[in-house]
Amino acid sequence: MNQFPILSLMLLVPLAGSVACLFSGAKAARQIALATTLFNLALGVWLWSQYQVGGDRWQFQENVALFAGFSWKLGIDGIALLLIELSVFLMPICVLASHSVDKRVGEYMAAFLLMETLMIGVFAAQDLFLFYIMFEAGLIPMYLIIGIWGGADRIYASYKFFLYTLLGSVLMLIAMMWMVNEAGTTDIPTLMEYNFAPEAQTWLWLAFFASFAVKMPMWPVHTWLPDAHVQAPTAGSIILAGVLLKMGGYGFIRFSLPMFPEASAQFAPLIFGLSMVAVVVTSLIALVQNDMKKLIAYSSVAHMGIVTIGLFAFNQQGLEGAMIVMLSHGLVAGALFLCVGIIYDRLHTREIDRYGGLSINMPKYALFFMLFTMAAVGLPGTAGFVGEFLSLTGIYQVSSWVAFVCGTGIILGAAYMLYLYRRVAFGEQKNADAAAMPDLDKRELAMVVALALPVLWMGVYPESFLAPMRNDIAMLDARVARAKPQGDAQLKVGAPAAKPAAGHGEHKSEAQAPEAHGGAH
Amino acid sequence: MDWSHSFRLAAPEELLTIASLVLLIMSAWMRGKGAARLVTWLAAGAIAVAGGISAIDLCAGASGPGTLAFSGLFAANALAAFAKVLIAFAAVATLLVAPQYFSRYAAYRAEYPVLVVLAVLGMGLMVSATNFMTLYIGLELNSLASYVLAAFLKNDDRSAEAGLKYFVLGSLASGMLLFGISLVYGFTGAIDFVAVGQALTGTMPTGAVFGLVFVLVGLAFKISAAPFHMWTPDVYEGAPTPVTAFFASAPKVAAMVLTMIVALQAFGTQIEAWRPIVIFAALTSIIWGAVGAIGQTSIKRLLAYSSINNVGFMLIGLAAGTAQGASAMLVYLAIYVPMTVGGFITVLMLKDEKGNPVDDIRDIAGLSRHRKVLAACLMMVMFSLAGIPPLFGFWGKFVVFQAAVQAGFFSLAAVGIAASVIGAFYYIKVVKIMYFDEPAMKATGKSDWIHQAILAVCALAISPLGYLASKALAEWSGAAIASLLPMGV
C-alpha cells in the first residue's frame, strides 16, 4: 500500500494535459498532447517492468475512501495490465495521426487526453461504481469527437453512439446496485468471489449483457459502430477500435464470467448464436462495402464475434485466445484505420474505387498495408493468427459446429481483406490523382513501424503477452469450472485391446455421454 | 416553553422578518439610482446570514425536542437547516443577477429584493413546519410573494400572463391543499404532523384517504410534478429570467422538503397508501418531462421541462419510503440547486450585442466557437442534468436509484433509469447545437462579474470535483433525516 501510486499518476497525467490543451493554441496543444501521451507511455512501460508475473493477483493497489458509497480503489491484474498497455501505446499514435485536424485543435487534444484517462480508469478501477463512472464518462468525449470532428453524417452517428451505449449501460447500473446491496461491498475482487444465487444471476447477467453487448458490439446491436467509425476522425477510429471496443470484452471477462458463472453457462448458447451470426453476416457485409472504413468497421464486429466465443468457451485456450484477439485487433484494426487515414489525408475520400495501384507510387505504404491486412486475416507469424487459433481451439472443445461456422468467418475475413487490398494496392492506376500521391513521410512511417513491431512480436513470440495474464486466466477458468457446459465432442474411452469386449460397459461415466459429433477422437 | 430559546431557534426567520420590514421602509424612502442596488445587496446579505445561522444548526446536527420552538409549532432541526442553506444559496445567487436583467427594461425597483426576502421567509417556515398550520402560512407567504415576482415586469404581457397563471393555478392548488388538510383534521382531530401520524395507524377512513390525496395533489402542484405540472413551462417562460431561476431552485427545495416531511411524518404510518400515487407522479414526471422537452425551441421552456423531469427522479427517492430514500432526495436537491441555478445563469448570460436576451435554442448554435467557457459551462449543466458521469448530476440520480433498489423497487428503478435515456436525448441536443452546428453569432454580449462568479461556483459544484463533497453531503443529509425521523420509518 505504501508504494508509489503509479496508477493514479497515469490517470492524472493525461487529465492535467487535457486541461492544459483546452487553454492552448493549436501548435502548443499538439506538443502538450504528444508529450503527455509519451510520458504516459513511459509510465506504462515502467508499470509493465514492475509488474511481477506470477506475483500477487492484484498489484499496484491503491485505496482511498474519498467518496460516499464507493472509494478510489485501483489495482490491476495481468488482464488489465495488457489492456492499459494497449491504451497508452495507441494514444501517441492517435495524437500523431491527428496531424490533418486543423479546427479546434486544443479541444480535440483535450478530448483525446480525457479519453485516455477514462480508458485507463476503466481497466484499473477496482470499485464497482468507480468502474461505472469511468465506463460511462467516456461517452462525453467520444460524443464530442464524433460530433465535432467527424464527417458528413457525424450528427446522426454521434446521437446513435451516445443513446445506444447509454441505454445499454443504465440497466447495468441498476444491476450493480442490486449486487452491492446483496453482497454488501463495492470491491470488485470480492465480488468476483461472491456467489450470487443462480436465479438472480440470470437477471444480473442480462443487465450486464445489455451494456457490454452494445459496447462490444455484438450483432444485432452493432449498428452504431459502422456509423461512428465512418464519421469519426482517424484518431477517433483508432481509439474506438483499439480500446473502446475492448471495454465490452473486458466487461465480460471481469464481470459476467467470474461473477455470474452459472448464468454465463446458461446463456452461452445465446452468445454462440449471436457470435456465429456476427462472424458470418458482418463478414459478408464487409465483402460488399465500397467505403474502406465501413469495411474495417464490419470486420471489427466479426473479430469481436471471435472474442465472445473464445470468452464463453469456458476453458483456458478460449479465454487466452479472446484476450490475444482483443489485443491484436486493437493493434491491427487501429493500424488499418491509420492506413485508411493516411490515404484519406491525401485524397479526401474513403471510396475504394477512387484508389488503385498504390503499390506502384506508394511502395512503403503498400508494404505495411499488406502486413496489417495479413495480420487481420490471421496469417501465422502475425498477431491475428495466435488469437484466432487459440479461440477456435478453445471453442472446438465445446462445440465443433460453432468452431466450424466461425472458421468459415475466418475464410470470409481473408476474402474481404484481400479483396480490399487488391482493389487499393494492386491493379492499374486508373485514377490520376491517386497515382500522384506521395509515399509515406517520416511521421507516417514512424506510426506504422511502431504498430508493425508489436504485431509481429505478438505473432512470433506471444509468450510475452500470455505470461502476465496466465495466472489470472487460470484463476478465472477455475472460477467458472463449476458451471462449465459439457462439450459436444466427448472422448470415448475405449477398452484396452488385450481385454475381452465384455469389460467395455464398466466405463460408465464417460461412455454414457452423448455420441460424439464432429471428429474429436 | 422558554421564549428566549424559541427566539434563538427561529433566529433566521426573525432576521429575515426584520430585514424585510426595514428594507421595505428603505425602499419607500430612499431615492436615487443606487437605492435599489443597495437594497439588493442588503437583502442578499440578510439571506446569506440567515443561511449561515442555519448552517451552524446543520453542522451541529440539531435534532430532538430541543429543536422545537413556540410550543412545538416550529422546528429548527437539521433537516430544516439543510433546506434553508440550499434555499439561501439559491436565493442569493438569483437575487444578485436580477438588477442587471431588469435595468435593461428600466424596471428594477427595490421592492424586488424585499419580495424575495419575504418568499425566503415563507420557505423557511415551510421547511420548519411541524403542523399543517405552519405549513400553510409558510406556503402562502412564499406563494403570494412569488405571484408578484412572476409579474414583476409589469409592462411585458408575457410576464403579466405568467403572474396571473401562476396566481390562478397556485390558488387552486392551495385550495385543494387546504381542503385536504381540513379532511385530515376532521378525521384525525389533529394538525400536528406527529399526532396525525399516530392517529392514522391501521386502516384509514375513506375521508382521510381523500384528505391525503388532496394534500398530495396540492403539494404536487407546488413541486410541479406531473400530471400537475401544466403551469410550469408557461410560468417559467413568461416570468423574467432571474425570477424563473429563483422559482426553479429555492421554492422547489422548500416544496420538495415539505412534501417529504408531510409524507414521512404526517402520513408516515400510511406509506402503502401514498406510495402508488408518488410512484405514478414520479414516472409520469420523468417521462413527461423528457418527452415534452424534445420539441421545445425556448431554452427556458426546455429547462422548465427539465425541472419537471428532475422532480420525478427526486420522487423516486420518496417512493422508496425509507430514511435512505429521504436522504437521497436531499442529496439530489443539494446537487439540483447548483445545476439549475448554473443553467439559468447561463441563460441570463446569453445576450446579443445590445443586451437583448437570447432565448431561442437555434440562436446559440456554434456557441462553443466564440464563447468557449460559457458553452463549456452549459455543456456541463446539460450532461449533469442528463445524469452522465463523471459530472456530479449523476450522483443525485445514483443515490436516489440506489435507495429505490435497496428498498426492493427494482422495476421502478429500471423503468425510471431507462426513461432517463429519453431525457438524455434533448440534453445532448443542446450540446449538439452549441458544439456541432455552425455559429449563429447571436449570443455575443458580455456579462458582469457577478454572473461569472456565480456560474463559476455552480460549475465547480457540478464538476467531478463535486464527488469530493459526496461524503459530507451523505453525512449532512443523514443527520437531517435523523432529525426528522429519529425512529426511522
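Keep in mind that glycine also has a Cβ here, set from the backbone N, Cα and C atoms.
Those TrEMBL annotations? Automatic predictions, nothing curated.
The domain 'NADH:quinone oxidoreductase/Mrp antiporter transmembrane' annotation in TrEMBL covers A:125-407.
Taken from TrEMBL, the feature region 'Disordered' covers A:487-521.
Sequence-remote contacts of a segment are chain residues at least 6 beyond its ends whose Cβ falls under 8 Å from one of its Cβ atoms, and for the transmembrane segment (A:6-25) they are 32-33, 35-37, 39-40, 43-44, 46-47, 50, 60, 62, 72, 74-76, 84, 88, 91, 105-107, 109-111, 113-114, 116-117, 120-121, 124. If you look up TrEMBL, you'll see A:6-25 (among others) marked as transmembrane segment.
Residues 6-7, 9-10, 13-14, 16-17, 20-21, 24, 60, 76, 81, 84-85, 88-89, 91-92, 94-96, 109, 112-113, 116, 468 of the same chain lie 6+ residues outside the transmembrane segment (A:32-49) yet bring a C-beta within less than 8 angstroms of a C-beta in it. The annotation transmembrane segment is assigned in TrEMBL to A:32-49 (among others).
If you look up TrEMBL, you'll see A:79-98 (among others) marked as transmembrane segment.
Distant neighbours of the transmembrane segment (A:105-123): 7, 10-12, 14-15, 17-19, 21-26, 29-30, 32-33, 36-37, 40, 76, 80, 83-84, 87-88, 91, 94-95, 98, 130-131, 133-135, 137-138, 140-142, 144-145, 148-149, 235, 239, 243-244, 247, 250; these residues of the same chain sit at least 6 beyond its ends, with a Cβ under 8 Å from one of its Cβ atoms. Per TrEMBL, transmembrane segment is recorded for A:105-123 (among others).
Per TrEMBL, the feature transmembrane segment maps to A:129-149 (among others). For the transmembrane segment (A:129-149), the residues of the chain that approach it from at least six positions outside its boundaries are 69-73, 101, 103-104, 107-108, 111-112, 114-115, 118-119, 121-122, 155, 157-158, 161-162, 165-166, 169, 172-173, 176, 180, 186, 188, 228, 231-233, 236, 240, 244, 247, 251, judged by C-beta separation under 8 angstroms.
What TrEMBL records for A:161-180 (among others) is transmembrane segment.
Residues or ranges marked as transmembrane segment by TrEMBL: A:230-253 (among others).
Annotated transmembrane segment per TrEMBL: A:265-288 (among others), in sequence order. Long-range Cβ contacts of the transmembrane segment (A:265-288) within its own chain (Cβ-Cβ under 8 Å, at least 6 residues beyond either end) map to 202, 205-206, 209, 213, 218-220, 222, 295, 298-299, 301-302, 304-306, 308-309, 311-312, 314, 395, 398-399, 402, 405-406, 408-409, 412-413, 415-416, 419, 480, 483-485.
Here the transmembrane segment (A:295-315) has Cβ contacts under 8 Å with residues 216-219, 222, 225-226, 229-230, 241, 245, 248-249, 252-253, 257, 264-265, 268, 271-272, 274-276, 278-279, 282-283, 285-286, 289, 321-322, 325-326, 329, 333, 336-337, 340, 352, 376, 387-388, 390-392, 394-395, 397-398, 402, 406, 409-410, 412-413, 416-417, 420, 477, 480-481, 483-485 of the same chain, all six or more residues outside its ends. Per TrEMBL, the feature transmembrane segment maps to A:295-315 (among others).
As annotated by TrEMBL, transmembrane segment applies to A:365-386 (among others).
Sequence annotations record features per position, and here TrEMBL assigns transmembrane segment to A:398-421 (among others). Within its own chain, the transmembrane segment (A:398-421) has Cβ neighbours under 8 Å at 268, 272, 275-276, 279-280, 283-284, 286-287, 289, 292, 295, 299, 302-303, 305-306, 309, 313-315, 318, 352, 369-370, 373, 376-378, 388, 391-392, 485, 487-489, 517-520, counting only residues six or more beyond its boundaries.
According to TrEMBL, the feature transmembrane segment maps to A:445-462 (among others).
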Closest-packing stretch to the transmembrane segment (A:230-253), where packing means Cβ pairs under 8 Å, from A:79-98, A:161-180, A:445-462: A:79-98
Intrachain neighbours beyond the transmembrane segment (A:365-386), with Cβ under 8 angstroms and 6 or more residues off its ends: 299, 303, 321, 324-325, 327-329, 331-333, 335-336, 339, 342-343, 358-359, 410, 413-414, 417-418, 420-421, 424-425, 439-440, 444, 448-449, 451-452, 454-460, 462
